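Participant: According to TrEMBL, the protein has these features:
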TRANSMEM  12-31  transmembrane segment
DOMAIN    16-301  domain 'Sugar phosphate transporter'
TRANSMEM  43-63  transmembrane segment
TRANSMEM  83-104  transmembrane segment
TRANSMEM  134-153  transmembrane segment
TRANSMEM  159-182  transmembrane segment
TRANSMEM  194-211  transmembrane segment
TRANSMEM  231-251  transmembrane segment
TRANSMEM  258-279  transmembrane segment
TRANSMEM  285-304  transmembrane segment
Amino acid sequence: MEEAWLCQWSTIRSLFAILQWWSFNVTVIIMNKWIFQKLDFKFPLTVSCIHFICSAIGAYIAIKVLKVKPLISVDPQDRWRRIFPMSFVFCINIVLGNVSLRYIPVSFMQTIKSFTPATTVVLQWLVWRKYFDWRIWAALIPIVGGILLTSVTEMSFNMFGFCAALFGCLATSTKTILAESLLHGYKFDSINTVYYMAPFATMILAVPAMLLEGNGVLDWLHTHESISSSLIIIFSSGVMAFCLNFSIFYVIHSTTAVTFNVAGNLKVAVAVLVSWTIFRNPISMLNAVGCAITLLGCTFYGYVRHLISQQPPGTPRTPRTPRTPRSRMELLPLVNDKLDDTV
């Protein structure tokens, strides 16, 4: 009886974790798009900087004041040698995401972000010469095909926004790969990651934001109506961005890897549906089909990764080549390439 109750509680907790993760994620995306489109605050660097500031403050309160998570101690030299390069790439990734939202619909941007597994695999293969099982490459085919179909049929296509989203995928993959080496030995959770990276990211982005967007922000403050309510929305998006980081920490510890992968792809579908309901951006039938193919491809990719990770080390494989892996782990891409970059 007690075991059945514990099983039910575990299921309820996992469902709650997924729902609150979805809620924060979709809220952040919709708020950012609302800021750029409805409030006419067309300054993605400034929005990103506000998110970093709010997240840095939130992480400090969570760790130092509320003691939600213990602080992971990092050597001062490692902060500049390891965390600062990660923060730089992290900053580029977040900025590119916001820039893409400035120019293209949420549905298109979210679909392109699903390209991240493919860019991660290709970068590891090209730069690090890492071998992958043929099933990994096969699983990427529907993802690439869906992205191509979505891009060709996108009715609100913008080349600058498309390139920003695509390079954002590359930045996400680079961050994932760098994390494997630069953060080796440190078992960071999402809260400690934000605690260390958000201040660096703020420092990196503050000067470019002021130089490139400062005059535009001042003009907006002088000419825009309802300044108070607009600023509340802008800063609230930063608070929601931090809450999203906290929700990711919760959902990772409450679900399995397979559940997390499926929930992540369904989250994209929910974000696309909600954004279309609010902004009513035109979507053709072929465009919707391309988006669906991409999400199904991402789910299949996660399933293939799970199968390979469960494969016994002694399972026979094809004859060895110069790049045949020495261990089962060489067959797999880096983990966590489905995690949101949310600050």
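Just so you know, glycine gets a Cβ as well, placed from its N, Cα and C.
Unlike curated records, TrEMBL annotations are generated automatically.
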Participant: Examine the transmembrane segment (12-31) against the transmembrane segment (258-279) and state whether at least 3 Cβ pairs sit under 8 A, considering only residue pairs 6 or more apart.
Facilitator: yes
Participant: Any chance the transmembrane segment (134-153) and the transmembrane segment (285-304) are in contact, meaning at least three CB pairs closer than 8 A with a sequence separation of 6+?
Facilitator: yes
Participant: Six or more residues out from either end of the transmembrane segment (159-182), which same-chain residues have a Cβ under 8 Å from its Cβ atoms?
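Facilitator: For the transmembrane segment (159-182), the far contacts come to 82-83, 85-86, 89-90, 92-93, 96-97, 99-104, 108-109, 112-113, 115-116, 118-120, 123-124, 127-128, 151, 334, 336-337, 341.
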Participant: Of the listed stretches 194-211, 231-251, 285-304, which one has the most C-beta pairs under 8 A with the transmembrane segment (258-279)?
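Facilitator: Looking at each of 194-211, 231-251, 285-304 in turn, the most contacts to the transmembrane segment (258-279) are made by 285-304.
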Participant: Does the transmembrane segment (194-211) reach the transmembrane segment (43-63), going by 3 or more CB pairs under 8 Å (6 or more apart in sequence)?
Facilitator: yes
Participant: Can you give me the average pLDDT across the domain 'Sugar phosphate transporter' (16-301), rounded to a whole number?
Facilitator: 88
